Amino acid sequence: MRRQYAEEGITEADLAPDPVTQFTRWFGQAERAGFLEPNAMVLSTADAAGRPSSRTVLLKGYDQRGFVFFTNYGSRKGTELGANPFASLLFPWHSIDRQVIVSGAVERTGRDETAAYFRTRPHGSQLGAWASEQSSPVASREVLEQRFAELESRYPEGEGVPVPPFWGGFRVVPQTVEFWQGRPNRLHDRLRYTAAADGWTVERLCP
Ligand SMILES: Cc1cc2nc3c(=O)[nH]c(=O)nc-3n(C[C@H](O)[C@H](O)[C@H](O)COP(=O)(O)O)c2cc1C
């Protein structure tokens, strides 16, 4: 699989007219290549002073509007995005010699969209969202489990769990999307879409 991609490479002529359609193609190929979680992506944010931080999150939806993940708005990433609403997403599909990097402005998803996704989560994950003050120090694991147990007795399985007001989605609206394909002799293909007033421009970058 890896060799096949490396031999084929990508050319400007192969690319879809927009990066979301191109992403759909590569995401499908990553899924078919048997990845455990092809939707795991490294989200990088920066605080108001420009200091960066990164962590993995799961892509939960994407369309022409952008790429969506869900998290705790009070977490480190949430606080940073509040102060500096720009982010980078990196899909590290190493085993097929590919990488996709999205960068752009970030906005919160609407509460309806958040609620619709929250309702699809397993009961335990819904309670976990309430139990965890994500990114804050906690005295011990027991404290966390105690909070969870209290929530379990308050909202037993089958009972609707309200969406935590401090929890929801972020959408990264792409400004640039780079598709990287490993090739022999380090002459990798890098094709980058940039948003323009009337669509997308594509440039090839040196590897
Ligand atoms: C594979 C994987 C998927 C994850 N998915 C999410 C996610 O979708 N949302 C989330 O808030 N944290 C997710 N996490 C946890 C984050 O990496 C991180 O620990 C957490 O969000 C706190 O980050 P912060 O303190 O930088 O805000 C995931 C971790 C891994 C390893």
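Placement of Cβ uses the backbone N, Cα and C atoms for every residue, glycine included.
Taken straight from TrEMBL:
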type	residues	note
BINDING	Arg2, Arg3, Gln4, Tyr5, Lys60, Tyr117, Arg121, Ser125, Arg186, Leu187, His188	substrate binding site
DOMAIN	31-152	domain 'Pyridoxamine 5'-phosphate oxidase N-terminal'
BINDING	55-60, 70-71, 76-77, Gln99, 134-135, Trp180, Arg190	FMN binding site
DOMAIN	167-207	domain 'Pyridoxine 5'-phosphate oxidase dimerisation C-terminal'
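Mapped onto this structure are the features recorded in TrEMBL.
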residue	record	Cβ contacts under 8 Å, 6 or more apart
Gln4	substrate binding site	none
Arg55	FMN binding site	Val42, Leu43, Lys77
Val57	FMN binding site	Ala40, Met41, Leu43, Phe69, Phe70, Thr71, Lys77
Leu59	FMN binding site	Asn39, Ala40, Met41, Phe67, Val68, Phe69, Leu89, Phe91
Arg76	FMN binding site	Ser53, Ser135
Gln99	FMN binding site	Leu90, Phe91, Pro92, Trp93, Glu178, Trp180
Arg121	substrate binding site	Ala129
Arg186	substrate binding site	Pro207
His188	substrate binding site	Trp180, Gln181, Gly182, Pro207
Rounded Cα distance in angstrom between Lys60 (substrate binding site) and Arg190 (FMN binding site) is 25
Within the domain 'Pyridoxamine 5'-phosphate oxidase N-terminal' (31-152), count helix residues (DSSP H, G, I), strand residues (E, B) and coil residues, in that order. 44 helix, 43 strand, 35 coil
What is the Cβ neighbour count of Lys60 (substrate binding site) at a 10 Å cut-off, with all protein chains included? 15
Does any of Gln4, Leu59, Lys60, Arg121, Arg190 have a Cβ within less than 6 Å of an atom of ligand 1? These are the binding-site residues; tell me which, or none. none
Same chain, 6+ residues apart, C-beta under 8 Å of the C-beta of Arg190 (FMN binding site), given in sequence order: Glu178, Phe179, Trp180, Gln181, Arg204, Leu205, Cys206, Pro207
I'm checking region-level scores; what's the whole-number mean pLDDT for the domain 'Pyridoxine 5'-phosphate oxidase dimerisation C-terminal' (167-207)? 97
